[in-house]
Each structure stands twice: as structure tokens, then as C-alpha cells.
Amino acid sequence: MVNFGKKLMADQVEEWKGYYINYKLMKKLLKQYVQQTQIGGKDCEQVLKEFSRILDDQIERIVLFLLQQQGHLSRRIEELGAQRAAIMQQVDTSRVFQLREDYRDVGRDLVKLLRFVDMNATGLRKILKKFDKRFGYKFTDYYVTTRSNHPYSQLQQVFKQVGIVAVAGALSRNLAYLEHEHRGSFLSIYDNPSVVLQDPIIDQVNHAVQKLTHATSFMQYLGQHALIVQDDTPSGSEDNVDDESYHFMSLMLNLVNTFLYMVNTYIIVPTADDYSVSLGAAATVCGIIIGSMAVAQVFSSVYFSAWSNRSYFRPLVFSSIMLFSGNLLYALAYDLNSLTVLLIGRILCGLGSARAVNRRYISDCVPLKIRLQASAGFVSASALGMACGPGLAGFLQTKFTIYSLTFNQSTLPGWVMSIAWLLYLVWLWFSFKEPEHFAKAAAEAAARTPQPSESGHQESANLEEGLAQPLLIGSEERLDDNSEDNDDEDAKSSHEPATSFASAYKLLTPSVKYNY
């Protein structure tokens, strides 16, 4: 994930450079305030007032520029409207086409302005969140409440895009009139709201407005703190990457993997005690049989999480093979009369748990607009598997022999799940689509790899440069620069591999946030 400070510098419009939120300055001020409060130079109340004043200045500069640009766009639309009225009195196709392009130029500038507001709203949210995190004080509640409820509120101009939406409406209306009047029709977008103007610029404007409304919903901001709890909404380019990476069948395969794994976990519960007794062990050993799979799952989540940094397809294939093998051993343990084989089978099943991969696939490769539904599908698939497992075992109350293999209520769960995982593996092999960003990342890594003839010189140069650097001096500043956006830690944590059993446990049992 690109740090927001770098992203802001890269994506900002050059001629508007002085009107964006000074994110770097605000971060430095926060750091200074933290140091001053630690040494007793300033109290929290003084910091609160000073930082509020600086933030007011930042927002005022943004809002005044926003109003200025809205005025420019409105004036251009008004001038084009006069030209449209004059052209419609004559039959001049070339001038109609030129006027349509002029309207589209206004639309492109409007999209730039929408992205300007989006970037500044995101920067404001991040600064507020960073303040709360650094000082342990609900500065967001104080600042938003005092600034938004004031009759001269400038904050509302950022979070309520009334003027921008009005400009977008005027642009859409005039383009629609130009299109319909040229065809001899007098259809109005207000009389027929279901009629959508098919124009790429209008589509871009509508997409930008919807994204901005979602990202900066004022009521969400005040009532639910959505701008604090939610992860960043991606930019337009990131939305396109999301849509390209999304593959419905791959999502379904991840959900089916979740469902089958939970069925696999609980299908043995009704018969595990009888199975352990038939192998000469006590009935209480069934607790070990059932729990061994969950214990092994803790270990599997670590390497599956790391593996998913490079691929989703290969971990799922490995998971299917492990679960097929584990269930096969579980079923064969009866004829082998070996409790050890049974336990090994259950441990292999736990080591094949790909739930960390399933969750990460939803987080990384499902578009934001349906990510909530996909997450609900993950939870539903898990719950359904937990319910269907013991129920399915109730239908396996039979006994027969094929050659020397015994099929009864104890072994049939293993045989059934082996067949299920084998069929799933075949489906996975032919239907899963690896996300495109893995291929792009591999190509970029290959392009960045230095040639063998250059690597030695590069390493020696790096070594000399490192020896020339003073020890420990400026380490705190470098650490702060490297962690450009500490407020992105929550979003990044879901994309990083587990490095300990504690983090692996969090992957298996994610926390749930409630907004009031």
C-alpha cells in the first residue's frame, strides 16, 4: 500500500499544488506537540487550541479554492449554454460536436475538482485519526462537533458537495439537451429520470461523485465515525485494479473452501467417541481427535498467510491436497487399527486450513462495493458448515465392505470428505483465476533485479555508503519517514502475513467493530 503522503504528492494537480492540505506539515506539528507535552512545555488544552487553529486555516484555504473553482466551472457552463441556444437555432452539425467537446472539457475539469476534494477529505480524516492515536484524546469528536454545527461552518463545504453536485447536474442536463435536441427530441432528464445519458465523461463524473459521497458522508462522519473506523476508499485507479482483480468464480471457490473446511471439522463430532473406542482407546480421546485439527490450524495460518503474499491459487491447491490426504488417513485408520494414523489424518486436515487465505482474498481482491456482502458470505459459509457437518453425519449410519475397506458410521465421514475435497480440487484447478497484481508484481520484481555484472558494484557502493553514515544519529527521523502513515497500520495489518501464534489466532478469530 502506497503511503498517503507520497500518494498525495504524486496525484495532486500541479497548478493546484498550494491548495491541498499540507499533510507533511501537519504530521511534523503533531510530532512536535507530542514531544512538547512529554517534556512539559505545553499542556493538552494549549495543543488542542493551536492545532485546531492550524487545521481551520488549512480547511479555509481548501474551501475558498473549491468555491473559486466551482465559480469558474459555473461560468464556463453558462457561456456554453448561451452558445448552445444560438447553435440550436441553426443546423450546424460541426458546431454541435465542438460544443459537446467543450462540455466534456468542463466535465474533465470537474472530475479533477472532485478528486481534489476527495484527497483533502482523506488527508483531514487521517490527521484527525493520527491526533486521536498520538494523544489518546477524542479530538475528532470535539473538532467535528464544534466546526460542523456552527452557522458559518466551512467543514460542511468539504463533506457536503452541494455546489459540486449542482455543477454536475448542470453539465449533465446541458449535454442531454444537446444530444436530444440534435436528434429532434425534447426529452428532459428531469421528466425522465430513468433515462441515463450514455457519455463517458458523465460516467466519470457520476463515479467520482458517488465515491466522494461514500468517502465523506457527513452523517456517517458524525453518527457512525465511519471515516475513522473504515479503511481508506481507493482512488479511481485503485477501483479499476479492484475490478480487474475480481473474479466471481474465484470468490465462490474461496467460500466453498470455507464451507467444506467447517463441515470437515464438525462432521466427526457425533461418531468420534465410537471411533476411538473401536481402536482400543477411551471414549474421552474423542476430545483430542476433534481438537487436534483446531490446534494444527494455528500453525497453518502462519505459513498460509505468508504464502498468500505471492499467490492464492497454490495455497488453495495445497490445502485441498492436505485435506484430501488427511481425510483418507482418517478413513483408513479403522482398517489399519491405528489411533496414530487417525490423529495424523486430523492433524493434516488442520494443516490444510486455508481460512486465512479465504479472508485475505476477500480483503484484497473483492471490490469495495461488494466486500461487505462477500464478508457476510464468508461468515455464513462458516456457520452453515458448522451446522451441516453433524447433520451430514446423521445420514451416514450404514455399514458395508468393499474389498478390504470398511465403510461405516465412523469411516464414512472421512471417505465422503475425501471425495468432496478431490472434486473441489478439480473444480479449483480449472476455474480459479489468479489475481493480476501477482503477475504484475513478479514482472516488476524481475525488471528491478540488477544484472550480475552490476550487483557486485552496487553492493560495495551500498557498503561504503553505510560505513560513511553516522551511527544512530537521525534514527528517529528516519523511522518516522519510513512509517509515513502510522494511521494505515490497521489497513495494512490485514494484508501482512502472520509472524506469531498470537497474530495467527487473530487471523482465525477477527475482531468485530460496532459503530453507534
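Including glycine, each Cβ sits where the backbone N, Cα and C put it.
TrEMBL annotations: computationally assigned, not manually curated.
The domain 'SPX' annotation in TrEMBL covers 2-145.
Residues or ranges marked as transmembrane segment in TrEMBL: 251-269 (among others). Sequence-remote contacts of a segment are chain residues at least 6 beyond its ends whose Cβ falls under 8 Å from one of its Cβ atoms, and for the transmembrane segment (251-269) they are 275, 289-290, 293-294, 312, 316, 319-320, 323, 327, 330, 349, 353-355, 357-358, 361-362, 365-366, 374, 377-378, 381-386, 388-390, 392-393, 413-414, 416-417, 420-421, 424, 427-428, 431-432.
Annotated transmembrane segment per TrEMBL: 281-304 (among others), in sequence order.
Taken from TrEMBL, the feature transmembrane segment applies to 316-333 (among others).
TrEMBL lists 339-358 (among others) with the feature transmembrane segment. Residues 254-255, 257-258, 261, 264-265, 275-276, 279-281, 285, 288-290, 292-297, 299-301, 304-305, 307-308, 312, 315-316, 318-323, 325-333, 378, 414, 498, 504, 507-508 of the same chain, all 6+ positions outside the transmembrane segment (339-358), place their C-beta atoms under 8 angstroms from a C-beta of that stretch.
Taken from TrEMBL, the feature transmembrane segment applies to 370-392 (among others).
The transmembrane segment annotation in TrEMBL covers 412-430 (among others). Listed by sequence, the residues of this chain that lie at least six past the ends of the transmembrane segment (412-430) yet keep a Cβ under 8 A from its Cβ atoms are 253, 256-257, 260, 263-264, 267-268, 271, 313, 316-317, 320-321, 323-324, 327-332, 345, 392-393, 396, 398.
Sequence annotations record features per position, and here TrEMBL assigns region 'Disordered' to 474-498.
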For the transmembrane segment (316-333), distant same-chain residues with Cβ under 8 A (at least six beyond the ends): 253-254, 257, 260-261, 264, 268, 275, 279, 304, 307, 339, 341-342, 344-354, 357, 405, 411-415, 417-418, 421-422, 424-425, 428-429, 432
PLDDT averaged over every residue in the domain 'SPX' (2-145): 84
Structural state census, the domain 'SPX' (2-145) (DSSP three-state): 124 helix, 0 strand, 20 coil
